[in-house]
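Here the structure comes first, spelled out in structure tokens, and everything after it is commentary.
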Amino acid sequence: MEVHNVELQISAVRPDQYPEQGYPEIALVGRSNVGKSSLTNTLINRKSYARTSSQPGKTQTLNFYRVEDQLFFVDVPGYGYAKVSQKEREKWGKMIEKYITSRKELKGVISLVDARHEPTDDDITMYQYLRYYDIPVLVVATKSDKIARGKWNQHESKIKKALDFDGSSAFQMFSAQTKMGKEEVWKWIEDRMGE
């Protein structure tokens, strides 16, 4: 998709704040600092449109980015950040659960994991949760440029094994630095938009 127009339409905490256009929505989930903002910026050809942060746990709302008046990217609060209080985490958890389980415009979820490491317990829980609700998932392994190309298959296998990867899900190695995987991620998104 050629992207020229992107706008942060709303940062929502409740369903009554969600956009009403009815465009397809693709949510981005992952632990804090896994690279959600970098993926978003790469997909929309911007250097720093989605706020990248060296402070994990920064995103505390569902941020709806309107792309070309055709779809929304929904940046979901990062999970697994220790300095956020238990009460805050529970509040986010309920907000995310409500969105994922009841939003009819949600066409798929991009679940980000760090390609360099095995998925965390939170990554595994999120993936299994999405599969339980039968939501189409693309697992994107970020920071792939930090791994020697000859070891990609080994890392992919470890990630899939840890997640108990389901054949109905998709998987993509990705690098915001080199843009590797960008076209494949867009293809998956466009396929979901048609559903």
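Going from the start of the chain as shown, residues are counted 1 onward.
Backbone N, Cα and C define each Cβ position, glycine as well.
Swiss-Prot annotations:
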{"type": "BINDING", "residues": "30-37, 57-61, 75-78, 142-145, 173-176", "note": "GTP binding site"}
{"type": "BINDING", "residues": "Ser37, Thr59", "note": "Mg(2+) binding site"}
{"type": "DOMAIN", "residues": "22-195", "note": "domain 'EngB-type G'"}
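A count of other CB atoms within 10 A of each Cβ picks out Val34 as the most crowded of the binding-site residues Val34, Ala176. Gly30 (GTP binding site) sits 11 Å from Ser37 (Mg(2+) binding site), taking the C-alpha atoms as the reference points. Calculated from their C-alpha atoms, the gap between Gly78 (GTP binding site) and Ser37 (Mg(2+) binding site) amounts to 11 Å.
Note: the Cα of Asp145 (GTP binding site) and the Cα of Ser37 (Mg(2+) binding site) are spaced 17 Å from each other.
Residue density at Asp145 (GTP binding site): 15 other Cβ atoms are found within 10 A of its Cβ, drawing on all protein chains shown.
Regional average pLDDT for the domain 'EngB-type G' (22-195) in the model is 88.
Gly30 (GTP binding site) falls within a strand when secondary structure is assigned with DSSP.
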